[in-house]
Amino acid sequence: MSITVIGAGAFGTALAISIGESATLWCRDETHAAEMIDHAENQRRLPGAPLPSGLTVTADLSKACQPDIILLAVPTQKLRSFLTENAALMTHKKLVACCKGIERSSGLGPIGVIEDCVPDTQAAILTGPSFAADIARGLPTALTLACRNEETGKTLQAALTTRNMRLYRTTDTIGAELGGALKNVIAIACGAVMGAKLGESARAALMTRGFAEMQRMALALGAQAETLVGLSGFGDLALTCSSALSRNYQLGLALGSRDNFDPSITVEGAATARAVEMQAQSLGIDMPVTQTVVALLDQRLTIEDAAAQLLTRPLKEE
Ligand SMILES: NC(=O)C1=CN([C@@H]2O[C@H](COP(=O)(O)OP(=O)(O)OC[C@H]3O[C@@H](n4cnc5c(N)ncnc54)[C@H](O)[C@@H]3O)[C@@H](O)[C@H]2O)C=CC1
Ligand SMILES: O=C(CO)COP(=O)(O)O
């Protein structure tokens, strides 16, 4: 079955590599597309990962959008502008969000954004613990494919499972979206703890209390508890909070150690933290770790003050 991947970033390229010769990889920049074809590699975004010989790389969007299944691997905050501009090409397709975040302007997850921009579509999300570099190297990974329509979910699960990506299926799109979005915020917090050398015990505490607030928010918005303890929630939280390969964790490390961080790097958790903080406030949900991350990002709090603030909150039951 032919499949198109929109977005020749690290993740889109890795997905296209794993899908192999039935994949078309669309890149918005013609020069970049030509470079990828010449070098059989995406040297800008995923160096060291050869593109399989049958993989089609193109900058021609109408050519790329022929297949019925389209994977959208652009950052969450860019998804709306891409879809708004190109909605006509996306209508009646099966659109699979391959991004993790909450849109800052609307508070919607990727599926909500897709449904807003392309009403005649069946939207799904592919999420879970998986670094682009691991997928591209053929290392084993397991992800969640969430789609409200069970039949479409089964079709996508079968079409997108590859020899190194094992897909589990759920109809709980809210849980899958929120798990992937919220874990990035907690990963920033964990990176900050490690960057400030506050210790692994502190990181484990933050991961656990961060997971508690992920669950509070997700359940309040209608997610199923089982989804949060699955690959898209706990699974991705564990990966992202413990690996220096994660860009969200790297941003946290930089905040904690007061180092500079390249603002061009895709870090979904920063915008998501702000979107989630606002939503939590309006819903009356207690999310102290997320609030602290926003304060650190805005430089309203030092890491030392942040730790002191979290440690001196009123004592409570677990
Ligand atoms: N890199 C990774 O290991 C993983 C990334 N993801 C998710 O994948 C999503 C994308 O991340 P990466 O590929 O890593 O980022 P990236 O920064 O490597 O690539 C982003 C891509 O989106 C394209 N893009 C940006 N704005 C666009 C627009 N308006 N229209 C069309 N294309 C646009 C860029 O040209 C670039 O090719 C994020 O939501 C991330 O959380 C998920 C799992 C693993
Ligand atoms: O989502 C990811 C792994 O599952 C990638 O995390 P980063 O976006 O923090 O690099």
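Note that Cβ sites are derived from N, Cα and C of the backbone, with glycine treated the same way.
Among PHE11, PHE82, PHE211, only PHE11 appears in TrEMBL as part of the NADPH site alongside ARG28, LYS100, ALA132, ARG247, GLU268.
Cross-referencing ASP120, ASP236 against the sn-glycerol 3-phosphate binding annotation in TrEMBL, which names LYS100, GLY128, SER130, LYS183, SER246, ARG247, ASN248, picks out ASP236. Residues from the binding-site residues list (ALA8, GLY9, ARG28, SER130, ARG247) with a C-beta closer than 6 Å to any atom of ligand 2: SER130, ARG247. Least packed by the Cβ count within 10 Å, out of the binding-site residues GLY7, GLY9, GLY12, GLY128, is GLY9. Listed recorded positions: GLY7, ALA10, LYS100, LYS183, SER246, ARG247. Those with a CB atom under 6 Å from ligand 1: GLY7, ALA10, LYS100. For the substrate site listed in the record, the two most distant Cα atoms among LYS100, ARG247, ASN248 lie 13 Å apart. Between the C-alpha atoms of ALA132 (NAD(+) binding site) and GLU268 (NADPH binding site), the distance comes to 15 Å. When the binding-site residues GLY7, PHE11, GLY12 are ranked by how far their Cα is from the Cα of SER246 (sn-glycerol 3-phosphate binding site), PHE11 comes first. Between the candidate binding-site residues, ASP236, GLU268, the densest Cβ environment within 10 Å is the one around ASP236.
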